[in-house]
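Colleague: According to TrEMBL, the protein has these features:
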DOMAIN    16-103  domain 'Peptidase S26'
ACT_SITE  S40  active site
ACT_SITE  K92  active site
DOMAIN    108-152  domain 'Peptidase S26'
Amino acid sequence: MASGGRRYLRAFVGGFFVAVPVTVTALDRLAYVARVEGASMQLCPQPSLNPEGGSDCDVVLLNRWSVRNYEVRRGDIVSVMSPKNPQQKIIKRVIGLEGDFIRTLSYKNRYVRVPDGHFWIEGDHHGHSLDSNSFGPVSVGLLHGRASHIIWPPNRWQRIEASLPADRGPLDTEEEEE
């Protein structure tokens, strides 16, 4: 019996030392879950995050694999390392990509051209959001993941599609010339 127990323990420990690095690598490279706190993403367009407010927080699946080459689209909801506090990750919507001209909401300049290697992010609830209107364009190197699904609470389970608010996004060439 003792040798059977040792064999079981040895197999368990050996499996543990294989499973942990594989799991950590998968979470680091593929996807992980994150709790979305705060009011900055509560307004349109749908789906908004944390629409009820209060203590209930949405939990989203953050796809790391889809942003491995720093490729995002306008309207994507992304997780980035905060330019103000590197210990914090923030979740915002991509409004503009490199080369886009953006009409800002409260930034020091009324219009901004998003520099190469950067994008412009905003919370959907502008009065309650620390975003590019506070700190300017964000380096793509701070990109951490793209929110692909709301996975909690169960009644809110859904895929998150890229969408821009009707009044946000890059300026058209015709608007720039006016």
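Each Cβ is built from the backbone N, Cα and C atoms, and glycine gets one as well.
All annotation found in TrEMBL is predicted automatically rather than curated by experts.
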Colleague: What whole-number Å value do you get for the CA-CA distance of S40 (active site) and K92 (active site)?
Modeller: 8
Colleague: Per DSSP, what is the helix/strand/coil residue tally across the domain 'Peptidase S26' (108-152)?
Modeller: 10 helix, 20 strand, 15 coil
Colleague: Would you count the other CB atoms within 10 A of the CB of K92 (active site), including those on all shown protein chains?
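Modeller: Looking across every protein chain shown, the total is 25.
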Colleague: Near S40 (active site), how many other Cβ atoms are within 10 Å of its Cβ?
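Modeller: The Cβ of S40 (active site) has 23 Cβ neighbours within 10 Å.
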Colleague: For the domain 'Peptidase S26' (16-103), what are the DSSP-based totals of helix, strand and coil residues?
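Modeller: Here the numbers are 17 helix, 28 strand, 43 coil.
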Colleague: Under 8 Å between C-beta atoms and at least six residues away from its ends: which parts of the chain pack against the domain 'Peptidase S26' (108-152)?
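Modeller: For the domain 'Peptidase S26' (108-152), the sequence-distant neighbours (Cβ-Cβ under 8 Å, at least 6 residues beyond its ends) are 31-34, 38-45, 47-49, 58-64, 66-67, 70, 72, 76-84, 89-102, 158-160, 165, 168, 171.
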